[in-house]
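Comments concern the structure below.
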Amino acid sequence: MKAYDSELASSWHDPYEGNARAQTYPRLAGQPEAYLKKQLTAFASGERSNSTMTSLAASMSQHEIDGLAAHFSKMTPLPNTTFQADPARVARGEALVKANNCAACHGQQLEGKDLYPRLAGQGYGYLRDQLNNFKSGARRDATGSMTAVVGALSQQDIDDLAHYIASR
């Protein structure tokens, strides 16, 4: 399939392990298939914007989107071994995850389910950027719940949340 065989896509996401090449890119291995399909379709339609992903997804057929989502969803997520966790920030982030009931949508281990993404082990920079995008309204989810949850958080809270989740 051209999408994950392409040099462009594989420069950000390892096509064989589904890991990101840097902390600022999403790790695709083990993401729920329905979530991956939804995000690729959102990029293709322009509903979600990213200069690289929008053009790449727009060039894909629905068959390719379905295949790509199935491919990455079947992979076993690997630990985020390049992230160095700070125990104090991990503790603050864990408390925020519990207080905001993140597990209700993202699963008990933040493993993702259905249309809700796997958060555990994502890159710190990617998590921080996406949380800030939800807070600013640059990114939206179907239910609006992320904007409401993140809207009440300080930048320190967002950084601590991202720190904890990246360490999982």
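Every residue gets a Cβ built from N, Cα and C, even glycine.
Because TrEMBL annotations are produced automatically, they should be read as predictions rather than curated entries.
Look at Met53 (heme c 1 binding site): DSSP puts it in a helix. Neighbour density for Met53 (heme c 1 binding site): within 10 A of its CB lie 18 other CB atoms from the protein chains shown. Sequence annotations record features per position, and here TrEMBL assigns heme c 1 binding site to Met53.
Residues or ranges marked as domain 'Cytochrome c' by TrEMBL: 88-168.
In the three-state DSSP reading, Cys105 (heme c 2 binding site) counts as helix. Just so you know, the Cβ of Cys105 (heme c 2 binding site) picks up 19 other Cβ atoms within 10 Å once every protein chain is counted. Per TrEMBL, heme c 2 binding site is recorded for Cys102, Cys105, His106, Met146.
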Measuring Cα to Cα, tell me the gap between His106 (heme c 2 binding site) and Met53 (heme c 1 binding site) in whole angstrom.
23
Sort the binding-site residues Cys102, Cys105, Met146 by C-alpha distance from Met53 (heme c 1 binding site) and give me just the closest.
Met146
From the DSSP assignment alone, can you count helix, strand and coil residues within the domain 'Cytochrome c' (88-168)?
48 helix, 2 strand, 31 coil
Non-site residues, in chain order, whose CB comes within 8 A of the mean position of the CB atoms of Cys102, Cys105, His106, Met146 at heme c 2:
Asn100, Ala103, Ala104, Leu110, Tyr116, Leu119, Ser145, Val149
